[in-house]
Amino acid sequence: MRTSCSSSKSSNYSRAFDLPQDHIPRDDHGFRHNIGGGPMLPVFLNDLRRNAVDQRRVVVLDDGDDDDDLVEVTLELEKENNSVVLCSIAPPPVSINCESNCSLASTSSIVRSFSASSRIGRKFQWLRTLSFSSAEINHLDLSTRDAMKLKAKLVRTKSCAQRALGGLRFINKTMGDSSEPNELWKRVESRFDSLAKDGLLSRHDFADCIGMADSKEFALGVFDVLERRRRHQNEKIGHITKAELHDFWLQITDQSFDARLQIFFDMADSNEDGRVTRNEVQELIMLSASANKLSKLKERAEEYAALIMEELDPENLGYIELWQLEALLLQRENYMNYSRPLSTASVSWSQNLNAYRAGVVCRLRFKLKCLVLENWQRGWILLLWLSVMAGLFVWKFKQYKEKAAFQVMGYCLTTAKGAAETLKLNMALILLPICRNILTFLRSTRARLFIPFNDNINFHKIIAYAIGIGVLIHAGNHMACDFPRLIKSSPEKFSLIASDFNNKKPSYKYLLTGVEGITGISMVILLIVAFTLATPHFRKNLLKLPGPFNRLTGFNAFWFSHHLTALVYILLMVHGNFLFLVDKWYQKTTWMYISAPLLLYVAERCLRTCRSEYYSVKLLKVSILPGDVFNIIMSKPSGFKYKSGQYIFLQCPSISPFEWHPFSITSAPGDDDLSIHIRTVGDWTQELKRVFTEDNCSPCVIGRAKFGQHHVDQTGLPRLFVDGPYGAPAQDYQNYDILLLVGLGIGATPFISILRDLINNTRTFEDQTDSNTENSKSEDSLTSFASSNMTPNEKKKSQRTRSAHFYWVTREPGSFEWFEGVMNEVAEMDHKGHIEMHNYLTSVYEEGDARSTLITMVQALNHAKHGIDILSGTRVRTHFARPNWKEEFTKIAQKHPFATVGVFYCGMPVLAKELKELSHELSHKTSTRFEFHKEYF
């Protein structure tokens with residue numbers, strides 16, 4: 001007997017058994033049995049069980065007499081119940097290929113014969129079940145519906161049903177599959193006790209009781225089905241007891257595929273005739289669309305119901321039966337395979353995973369390694385900064401300890417002066433992280449290798465905290481410690497420093513009302529205002545204050561208060577020039593600290609002002625999009641060059657001559673126009689949308705359409721100024737072999753520019769190939785992308801990116817209209833599969849939930865027939881719920897071994913932590929290196 005096998009879940013397995021002919025028993029007909037009756041069956045099955053779980057096996061059986069009696073049997077091993085299922089019987093191919101696919105989908109392509117089936121039934125008595133292939137069925141004289149029914153039986157196996165069971169889950173996965181059944185029932189029972197009246201639970205409270213409060217219509221459909229089973233249809237009461245609820249609960253949580261399938265079918269079969277018509281399918285689609293809040297899908301329910309009937313009712317009888325719905329669900333995975341899959345890697349993931357399972361010491365070492373790799377750039381910058389501050393504090397502390405004033409004011413004076421020295425340093429350094437033009441230039445140099453430019457705002461905030469602490473120490477010691485000691489000092493001690501005060505002991509009022517006192521107190525007040533209004537509660541308008549104090553919240557208050565710090569620097573220069581106890585000019589070092597950074601910042605602001613005047617743009621198109629988003633397409637200013645992933649600042653003087661707001665560029669560097677997408681989340685963006693879209697008879701109206709596009713007449717329109725571009729983490733995407741781009745909602749904008757750049761490069765390459773302008777290209781050039789506006793030398797350096805994986809997660813189906821053109825363009829232009837796009841809609845229940853099962857089927861059928869996704873309206877498939885990020889990272893690691901993957905994320909901070917940890921974990925487990933970067937959001 002020879003066996004050969006193939007599995008999608010593990011490495012291939014094959015084994016041959018050779019026994020002497022005299023050891024093989026014969027049956028009553030004189031045939032030798034290689035399997036059954038003798039010792040071969042347990043040996044074969046035990047060997048099979050040790051090497052597989054739920055896998056298909058191709059077995060070649062030989063009776064030992066002649067080669068004509070060879071037959072090929074496809075078996076399926078079910079390890080959990082220790083059984084073997086016969087799938088099909090066929091004459092063997094010329095040679096058995098261990099790499100052949102023995103899956104459900106491939107069995108129909110193998111030619112089999114009835115003679116082989118009858119012969120195997122006579123010779124091998126343990127094979128009691130006979131299966132037919134699709135090829136045999138097609139030769140039978142059967143109706144189309146009977147042939148479909150016979151084929152449906154061919155694909156029905158336990159493992160297939162178990163997989164389909166995951167597509168009919170009535171209880172949320174987070175609630176149902178991860179908890180103990182008894183614990184779940186206790187929760188339901190507790191809710192029953194609170195909702196029931198006189199021991200009866202009403203029909204309308206059923207959804208709340210079983211945990212389906214967010215989809216009550218669907219839950220009521222389930223309730224009606226279960227109640228019809230319990231009572232006659234005309235005797236509905238609408239109330240159930242706890243015992244009846246428990247019976248209902250057992251039915252909807254039943255782990256049997258057939259039980260759940262029957263409930264799902266009965267929800268459509270409202271008249272209980274065992275047949276579902278197109279109208280009933282339409283009603284079920286509308287129910288599913290309502291549960292998932294898909295209004296557009298609900299509007300097209302009739303069209304999609306016709307699509308299902310066309311697939312399952314080819315004879316146009318007007319109805320479908322239970323077995324047809326079963327066949328659709330059993331082949332769910334085949335229907336969903338229209339989207340481009342990730343290929344299997346040549347590197348074994350399981351081996352890397354096993355290597356990672358180590359002791360506590362190894363895990364701690366791994367975490368320490370990740371911590372160092374993630375923070376070494378920040379670490380050395382912070383260490384250098386802290387060291388310099390400590391050095392300046394100690395230097396100034398010792399300096400004043402040796403002066404005569406120390407005899408009068410003691411350590412209060414030395415501490416205040418040490419803090420003052422750190423304040424001078426920090427007031428100079430705090431300007432550098434916000435010099436955006438300088439940082440953008442440095443990003444393109446080797447300085448990016450050891451300076452974390454992406455953390456410029458965080459470093460700005462850290463320095464601000466240090467300034468706050470320094471002000472508290474400096475001002476606190478002066479006002480509460482050394483000033484009182486100076487005033488109360490004896491004449492003998494004061495005589496040591498009398499010359500610094502014109503030989504007259506000052507009063508406390510004199511010290512506070514002098515130049516030093518007034519400038520110092522003024523600076524403290526201005527800094528307190530700026531710091532307070534910069535906190536998230538004030539800046540993001542989270543704190544609701546009564547009028548007129550509500551003007552202190554929001555971005556405007558933050559912006560204006562921050563610019564009050566210009567007065568702080570003027571006061572600081574004056575304050576530093578009128579110091580007590582210092583006479584010589586070179587000892588007044590405040591101007592030495594802040595002059596250079598202040599000049600750089602002033603030059604930066606002057607450059608931005610001049611450039612914004614020069615970069616005045618013309619509006620070309622405004623598109624009003626779903627989800628409070630609008631798109632502005634502008635003319636590209638002359639000489640304006642940028643990289644994908646960068647952002648610009650936008651100003652509309654008619655709204656505010658001072659406010660500048662940042663927006664990611666969504667056009668590619670090679671495009672003729674400049675495009676941005678803006679979400680109306682604040683007063684400025686709402687006003688900008690109103691100025692350009694509302695029909696209020698003003699001269700600045702563009703036009704009005706709910707979801708239209710407007711070509712703009714420039715007459716009377718307010719001007720727009722552009723400042724930039726400015727650097728962002730994603731602009732370095734070309735430094736990586738593979739890109740993993742993750743955007744949440746409007747956070748997809750920086751990555752749209754990257755995708756457009758990759759498309760433009762693909763188009764340019766194809767045009768060059770068609771025109772034969774180049775004689776040859778290297779293999780790297782065929783699979784790499786470069787920015788379309790670079791010089792040849794720059795392209796040569798940056799042609800590295802081979803593939804991109806884009807994940808867009810959003811709550812609103814209408815969001816997909818924002819970048820519909822880009823997604824379709826990727827599908828049309830990217831013939832070699834370099835770009836993979838994955839859209840995730842979190843408002844729809846995850847794939848596998850009964851509330852989204854029918855939507856999944858409609859989605860697959862529509863895409864197979866028309867090539868369009870029903871939710872996004874593009875060629876890119878929409879997934880439901882949130883991605884399993886560990887699974888997605890694993891697939892990419894398997895597909896791209898020994899590659900460097902740049903992970904770029906733009907969205908809420910919560911997910912950033914998970915993606916960062918996965919990047920470190922997968923880098924440690926596999927040969928693929930993941931580097932995480934978070935975009936500004």
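Heads up, the Cβ atoms here are built off N, Cα and C, so glycines get one too.
The model shown is predicted, which means the values in this text are computed figures rather than measured ones.
Annotation comment: TrEMBL describes 770-792 as compositional bias 'Polar residues'.
The annotation domain 'EF-hand' is assigned in TrEMBL to 256-291. Along the domain 'EF-hand' (256-291), the predicted structure has mean pLDDT 82.
TrEMBL lists 612-732 with the feature domain 'FAD-binding FR-type'.
Positions annotated as region 'Disordered' by TrEMBL: 766-802.
Annotated transmembrane segment per TrEMBL: 379-397 (among others), in sequence order. Long-range contacts of the transmembrane segment (379-397) within the same chain, counting only residues at least 6 positions beyond its ends with a Cβ under 8 Å from a Cβ of the stretch, are 372, 414-415, 417-422, 425-426, 429, 450-452, 459, 462, 466.
For 510-538 (among others), the entry in TrEMBL reads transmembrane segment.
Residues or ranges marked as transmembrane segment by TrEMBL: 558-582 (among others).
Sequence-distant neighbours of the transmembrane segment (558-582) (same chain, 6+ residues past either end, Cβ-Cβ under 8 Å): 403, 405, 424, 427, 497, 500-501, 514-516, 519-520, 522-523, 526-527, 529-530, 533-534, 538-539, 588-591, 594, 598, 658-659. Within the same chain, residues 161-162, 164-165, 168-170, 215, 217-218, 221-222, 224-226, 228-229, 233, 297-298, 301-302, 304-306, 308-309, 318-322, 325-326, 329, 845, 850-855, 858 sit at least 6 positions outside the domain 'EF-hand' (256-291) and bring their C-beta atoms closer than 8 Å to a C-beta of that stretch. Applying DSSP to the domain 'FAD-binding FR-type' (612-732) sorts its residues as follows: 18 helix, 43 strand, 60 coil. Counting residues of the domain 'EF-hand' (256-291) by DSSP class, helix then strand then coil, yields 26 helix, 2 strand, 8 coil.
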